[in-house]
There are 2 protein chains.
Amino acid sequence: MAAITYELIRKDETTGARAGVIHTPHGSFPTPIFMPVGTQATVKGVSPDELRELGAGIILSNTYHLFLRPGMELVREAGGLHRFMHWDGAILTDSGGFQVFSLGDLRKITEEGATFRSHIDGSKKFLSPEVSMEVQKALGSDIVMAFDECIPYPADHTYAKASTERTQRWLVRCRDAMADAEGQGLFGIVQGGMYRDLRAWHAAEVTALELPGYAIGGLSVGEPHELMEEILSYTVELLPANKPRYLMGVGTPDYLLTGVRHGIDMFDCVFPTRVARNGMAMTWTGRLVMKNAVHTHDHTVIEEGCGCYTCRNGYTRAYIRHLVRAEEIFGLRLLTLHNLYFLQEFMRRMRAAIIAGTFSAFYQDFMNHYHKK
Amino acid sequence: MAAITYELIRKDETTGARAGVIHTPHGSFPTPIFMPVGTQATVKGVSPDELRELGAGIILSNTYHLFLRPGMELVREAGGLHRFMHWDGAILTDSGGFQVFSLGDLRKITEEGATFRSHIDGSKKFLSPEVSMEVQKALGSDIVMAFDECIPYPADHTYAKASTERTQRWLVRCRDAMADAEGQGLFGIVQGGMYRDLRAWHAAEVTALELPGYAIGGLSVGEPHELMEEILSYTVELLPANKPRYLMGVGTPDYLLTGVRHGIDMFDCVFPTRVARNGMAMTWTGRLVMKNAVHTHDHTVIEEGCGCYTCRNGYTRAYIRHLVRAEEIFGLRLLTLHNLYFLQEFMRRMRAAIIAGTFSAFYQDFMNHYHKK
C-alpha cells in the first residue's frame with residue numbers, strides 16, 4: 001500500500017471544495033488542512049506538544065535549511081527528523097529548490113542541478129534532484145516534494161516553457177531516486193507559470209507518473225489575485241480526484257478560501273508565524289497590530305470565544321501589547337499560538353461547512369466580515 | 001495577621017542552614033527557595049504554567065522596568081501584576097533603587113529621591129521611597145522591597161556610612177508609606193557595604209522596625225567570595241530567627257550553597273535565565289556550553305535523570321545545539337526550562353538534606369563534583 005493515501009469524505013455541490021482525510025505513516029489528518037512551517041526543525045517558538053494541542057496533524061520543514069545545518073548525516077544519525085525534533089505527527093519536506101533559486105547571483109543552475117553558496121558560511125554546495133531526494137530520505141519525511149523551479153512572476157513564455165520542461169525531467173529523476181524509499185510518498189509539482197498551455201502540458205506529464213499526490217507550484221508569487229484564481233481553477237481540474245492536492249506557499253484566509261473553493265486540500269505558509277513575530281494577531285474580522293495604542297487599555301482577549309491557549313487562558317490585548325513593545329519573546333509565543341490555532345480552526349470550520357453542505361454560505365459570510373489590510 | 005509569615009521546619013545542627021515555609025496571600029512555598037526573575041511581567045520565554053510545573057512558588061519582578069513600561073496605572077487597572085501576567089503564585093517586587101543607581105550619569109540622587117532619564121524614551125522620571133511604595137502597591141506584590149542604595153564595591157567607609165544612613169531614613173519613609181497597605185509585606189534591606197560596624201548598626205536599626213522580613217543587600221557585587229561569606233555570616237546572625245532572610249542577586253550553585261549554609265531562606269538572580277539565552281545549560285557537575293562541538297553527535301539529554309521538561313521529554317544535546325546555533329527561540333526556551341528546574345531541584349535537595357540532617361554531607365558531595373567555570 002502507498003505511504004500516502006487520500007480518502008474523500010464529501011464534495012461540495014456548487015464549488016470544487018472537498019473534505020477528506022489524508023493517511024500517512026505518522027497518522028491521518030483531516031483536509032483541507034493548513035501546515036505550520038518548521039523551517040529549521042522547529043516551528044518558531046512553539047513546542048511539539050503545543051502544535052499537537054492546537055490541532056496540527058502535519059507540519060512542513062525545509063530541506064535547504066536542514067541540508068546546510070545541521071546536515072542530513074546528523075538528522076539520519078538521530079533517527080530522522082521526527083525523532084530529532086520530537087514531532088510524531090506527519091511531516092512534509094520541500095525540496096530546497098525554491099530557496100536555491102531565490103539565491104540569485106549566489107547560485108548557478110545546470111541540467112544536472114544547482115551549485116550555490118551557503119548563506120551560513122559561504123561554502124560551496126550542490127543540490128540536484130538526486131541530492132534533494134537523498135536528503136529527504138535521511139530526514140524521513142512522510143511527504144517528499146520534487147526538486148523543481150518555482151517560476152518567478154512575471155516570466156515570458158520561452159523562459160516558462162524551458163523551465164517547466166526541465167522541472168519535468170527533474171521530476172522523473174526524483175521519481176527514480178525515490179524508487180527504493182519506504183514509508184515516504186513523492187509529490188509532483190505542476191509548474192507552467194501563468195500560461196494555460198504549459199499548465200496543461202505539465203499537468204498531463206506529472207499525473208502520468210501516478211504519484212501519491214500533486215502540488216500546484218508557482219502561484220501566489222506576486223501575480224494579481226484574479227490571475228492566481230484563473231490559473232489555479234484551470235490547473236486543479238487537470239488533477240485526479242483520488243489524490244491529495246497541495247497549493248504551495250499560501251496562508252492568508254482569503255487565499256485559503258479561494259484554494260479550498262477550487263478543490264485544494266493542503267496549504268503551507270510562514271505567514272501566521274512570521275506576522276506573529278511582527279506583533280500581529282489574526283482574527284475572523286481581520287488583522288490586529290498589537291503595538292497600536294488602541295490596545296493599551298484593552299483588558300479583553302484577542303478574540304472573544306477563541307479556543308487557543310492565549311485567549312482561553314485570558315491573556316489580554318493590553319498584556320500582549322506590553323510584551324510586544326518590551327520585545328519579550330513570550331509575546332511572540334502567545335501570538336504564534338493564537339495565529340496557528342486561528343488557521344487550524346479556520347480550516348476546521350471550512351471542512352465542517354463542506355460536510356454540512358453550507359460552504360458557499362460560509363464563504364460569503366466570511367468575506368462579508370473580513371477586512372483585508 | 002501579617003501578610004508574610006515564616007514557619008521554621010528544621011534547623012541544621014552544624015551549620016546555620018534551615019528549612020522552613022513562607023506563607024503569603026498567594027500561597028505558601030518551602031524554603032530555602034530560588035525566585036526566577038520576571039523583569040518585565042514575564043519570566044523570559046516561559047509561561048506561568050511552566051513556572052508552576054517546574055516548582056516555582058514565588059517569582060521576582062522589577063519595579064523600575066514596570067514603572068517605565070507599561071506604567072503602574074495600567075497594571076493597577078488590570079487588577080494588579082498577578083492578574084496582568086497570569087501568575088497566581090507569590091510575587092516579590094524590588095524597589096527600583098538598584099536599577100536607578102546603576103544609571104550613573106543619567107541619574108541625580110538627593111535626600112528626597114532619584115531623578116533619572118528613562119532608558120526607553122529619555123523622558124525625565126522620579127523615584128523615591130514614597131513613589132516606589134506607590135508603584136509596588138499598584139503592582140500588588142506580596143513582598144515589597146524597601147527603596148535603598150546597593151553600595152558598589154569597592155566603596156570607602158565615609159561613602160558607605162552616608163549611604164547606609166540615607167537608606168535607613170528611606171526605609172522609615174517606606175514603612176510609613178506602606179502603613180495602609182493590606183495583603184503586602186515590606187522587607188527591610190540591611191546595607192553597610194563591607195564594613196562590620198556599618199552592618200551591625202544597620203541590622204539593629206532595620207530589625208528594630210519589626211518588619212515581616214529582612215534582606216541582605218550589597219553582597220555579590222564583585223567582592224571576593226571569602227569577603228562575601230565573611231560579611232554574610234556576620235550579618236545574618238544579627239537578623240531574627242522568626243523572619244524570612246533574603247540574600248539579593250545570588251543564583252549560582254556555589255553561592256546558593258554558601259547562602260543556605262549561613263541561614264538564608266530566599267534568593268533571586270537572572271543568572272539561570274540569562275545564561276540559557278546565551279546557550280548554556282546548568283548541571284550537577286558544572287555548566288555546558290551547548291554550542292560546543294563536543295555536543296554535535298550527542299544524542300543524550302542534558303543531564304540523565306533530570307526531571308525538567310526538556311530532559312524528561314528526551315530533547316537531546318545535539319538537537320539543542322542545532323537550535324542554539326540556528327538562533328531558534330525554542331532552544332532558549334528548552335534551556336531556560338532546564339536551568340530554572342535545575343535550581344528549583346537544587347533548592348529542594350538542599351532542603352531535604354537539612355530536614356534529613358545530612359546538609360553538611362550534601363554540601364561536601366556537591367563541592368566534590370561541581371566544576372566552576
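For all residues, glycine too, the Cβ spot is worked out from N, Cα and C.
Per TrEMBL, the feature substrate binding site maps to B:Asp94, B:Ser95, B:Gly96, B:Gly97, B:Phe98, B:Asp148, B:Gln191, B:Gly218. In the three-state DSSP assignment, the secondary structure recorded for B:Gly97 (substrate binding site) is helix. The Cβ neighbour count for B:Gly97 (substrate binding site), using a 10 Å radius over every protein chain in view, is 27.
Only residues 6 or more beyond the boundaries of the region 'RNA binding' (B:249-255), in the same chain, are considered here, and those with a CB under 8 A from a CB of the stretch are 34, 219-221, 225, 228, 267-272, 282, 343, 346, 366-367, 370, 372. The annotation region 'RNA binding' is assigned in TrEMBL to B:249-255 (among others).
All protein chains shown were included, and the count of other CB atoms within 10 Å of the CB of B:Asp268 (active site, nucleophile) stands at 22. Annotated active site, nucleophile per TrEMBL: B:Asp268, in sequence order.
Under DSSP, residues within the region 'RNA binding' (B:273-277) fall into helix, strand and coil as 5 helix, 0 strand, 0 coil. Residues or ranges marked as region 'RNA binding' by TrEMBL: B:273-277 (among others).
In the three-state DSSP reading, B:His338 (Zn(2+) binding site) counts as helix. The annotation Zn(2+) binding site is assigned in TrEMBL to B:Cys306, B:Cys308, B:Cys311, B:His338.
Between the C-alpha atoms of B:His338 (Zn(2+) binding site) and B:Gly96 (substrate binding site), the distance comes to 29 Å.
Here the candidates are the recorded positions B:Gly96, B:Phe98, B:Asp148, B:Gly218, B:Asp268, and by Cα distance the one nearest B:Cys306 (Zn(2+) binding site) turns out to be B:Asp268. Checked against B:Phe98 (substrate binding site) by C-alpha proximity, the recorded positions B:Asp268, B:Cys308, B:Cys311 yield B:Asp268 as the nearest. Mean pLDDT across the region 'RNA binding' (B:249-255) comes to 95 in this model. B:Gln191 (substrate binding site) is surrounded by 29 other CB atoms, counting those within 10 A of its CB over all protein chains shown. For B:Cys308 (Zn(2+) binding site), the spatially nearest entry among the recorded positions B:Gly97, B:Gln191, B:Asp268 is B:Asp268, judged by CA separation.
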